[in-house]
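K.L.:
Structure below; questions to follow.
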Amino acid sequence: MKILVLNCGSSSIKYKLFDMTTKEVIAQGGIEKIGLKGSFLKLTLPNGEKKVLEKDIPEHTIGVEFILNTLISPEYGAIKSLDEINAVGHRMVHGGERFSESVLLNKEVLEAFAACNDLAPLHNPANLKGVNAVSAILPNIPQVGVFDTAFHQTMPDYAYMYAIPYEMYEKYGVRRYGFHGTSHRYVSKRVCEFLGVNPVGQKIITCHIGNGGSIAAIKDGKCIDTTMGLTPLEGLMMGTRSGDIDAGAVTFIMEKEGLNTTGISNLLNKKSGVLGISGVSSDMRELLAACANGNERAILAEKMYYYRIKKYIGAYAAALGGVDIILFTGGVGENQFECRESVCKDMEFMGIKLDNNVNAKVRGEEAIISTADSKVKVVVIPTDEELLIASDTMDILKK
């Protein structure tokens, strides 16, 4: 069985084609700059070589068509005919309260998803464009939606509600939803397989640290809390996002700077975080280089970034009533040992002891990085959201 996974952003489409008998990726790539000058498709050939194909891609349907044609092209193809694709799985960002698991996409589901557009005005309409594009080109192929918010739907009300007038929740659905759910679900399940333990009875803290970052508290395989909120702006300090901030500071800045809602949203989402504090970059690799050169603001940004992660681990250990496993994933979590080392430093009182020698060698691979006598297992698990989307799609087809 072959499943195509699509992740459609406002001006991009990432794709992976899986052969589910072996769970192998047989083709992958992405389109950037849809609707802009200089749009292109970048693909990875089976031998690992990368190719860039330039083409004018004014909108998503033409983009999806370009991807499908590339998949069957004599030069770069991975399959002989589009009939070999059994289904398409989509990453859908915001499922609101409607979706707590992955679903087969039909008219009714898509209407309910579109009703959540308010909650993710950038992402949801782009996700829908991808679904509609596939429907237009391959009308008979089954499509499945896998929601970023679904895994967090098990949070109790006292964890997801904001302490604002209750009508705001009733009228507009203002509450905490959380994101990166597909990643948190994948790694929390995978770490139990890796360690050979039953998810039931385990208290796990998963740290998805990338350009965007979130942490989840997971008990018995179910999410009980997560750091992101109504939008991905809450919680950790991120590449360009502020994370937690006093709402009073928001109105104060708006007044002083004469900003409207779009202006303040832009400031908090795109100009804050690591970039805003360091003035160097939103990329942690560039930040570490600046720290090594003694850049004081970069050093401050790094300290703030790690401190916020550490603080939430402590909070979630309290919420869970203890912790058995702490897991790092995401671009930074998987590849930067400095981040893991700083976050776990001086946490022996919680039973967390890192093996710094082992930790320093681990990059993008599954590994236990705590000492043999550490009460808490600290583990690195590379995330694979696309594989989980493909697996969900296959499971739903079998039903």
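Along the chain as shown, the residues are counted starting at 1.
Glycine is no exception: its Cβ is also placed from the backbone N, Cα and C atoms.
Per Swiss-Prot, the feature Mg(2+) binding site maps to Asn7, Glu385; the stated evidence is sequence analysis. According to Swiss-Prot, the ATP binding site annotation covers Lys14, His208, Ile209, Gly210, Asn211, Gly212, Asp283, Met284, Arg285, Gly331, Val332, Gly333, Glu334, Asn335, on the basis of sequence analysis. Marked as substrate binding site by Swiss-Prot on the basis of sequence analysis: Arg91. The feature active site, proton donor/acceptor is assigned by Swiss-Prot to Asp148. Swiss-Prot lists His180, Arg241 with the feature site 'Transition state stabilizer', giving sequence analysis as the kind of evidence.
I'd like these features described in context: how deep, what's nearby, how far apart.
P.N.:
Look at Glu385 (Mg(2+) binding site): DSSP puts it in a helix.
According to DSSP, Val332 (ATP binding site) is assigned to a helical segment. Cβ environment of Val332 (ATP binding site): Ile209, Gly210, Gly213, Met284, Cys339 lie under 8 Å away, each six or more residues apart in the same chain.
According to DSSP, Arg91 (substrate binding site) is assigned to a strand segment.
With a cut-off of 8 Å between CB atoms and residues at least 6 apart in sequence, the same chain places Arg91, Met92, Val93, His94, Gly95, Phe179, His180, Gly181, Thr182 near Asp148 (active site, proton donor/acceptor), listed in sequence order. Secondary structure at Asp148 (active site, proton donor/acceptor), as computed by DSSP, is coil.
Annotation note: His180 (site 'Transition state stabilizer') sits in a coil segment as assigned by DSSP. The Cβ of His180 (site 'Transition state stabilizer') has 29 neighbouring Cβ atoms from other residues within 10 Å, across all protein chains displayed.
Other C-beta atoms found within 10 angstroms of the C-beta of Arg241 (site 'Transition state stabilizer') number 27, with every protein chain shown included.
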K.L.:
Looking only at C-alpha atoms, tell me how far Lys14 (ATP binding site) is from Arg241 (site 'Transition state stabilizer'), rounded to the nearest Å.
P.N.:
23
K.L.:
How far is it from Asp283 (ATP binding site) to Asn7 (Mg(2+) binding site), counting Cα to Cα, in Å?
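P.N.:
Cα of Asp283 (ATP binding site) to Cα of Asn7 (Mg(2+) binding site) measures 22 Å after rounding.
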K.L.:
Could you state the CA-to-CA distance between Arg285 (ATP binding site) and Arg241 (site 'Transition state stabilizer') to the nearest Å?
P.N.:
17
K.L.:
Based on the record's binding annotation for ATP (Lys14, His208, Ile209, Gly210, Asn211, Gly212, Asp283, Met284, Arg285, Gly331, Val332, Gly333, Glu334, Asn335), what whole-number value in Å is the widest Cα to Cα distance?
P.N.:
23
K.L.:
On a C-alpha basis, identify the one among Asn7, Asn211, Glu334 that is nearest to Arg241 (site 'Transition state stabilizer'); the candidates are the binding-site residues.
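P.N.:
Of all the candidates listed, Asn211 is nearest in space.
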K.L.:
Between Asn211 (ATP binding site) and Glu385 (Mg(2+) binding site), find the distance joining the two CA atoms and give it rounded to the nearest Å.
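P.N.:
On Cα coordinates alone, these residues lie 16 Å apart.
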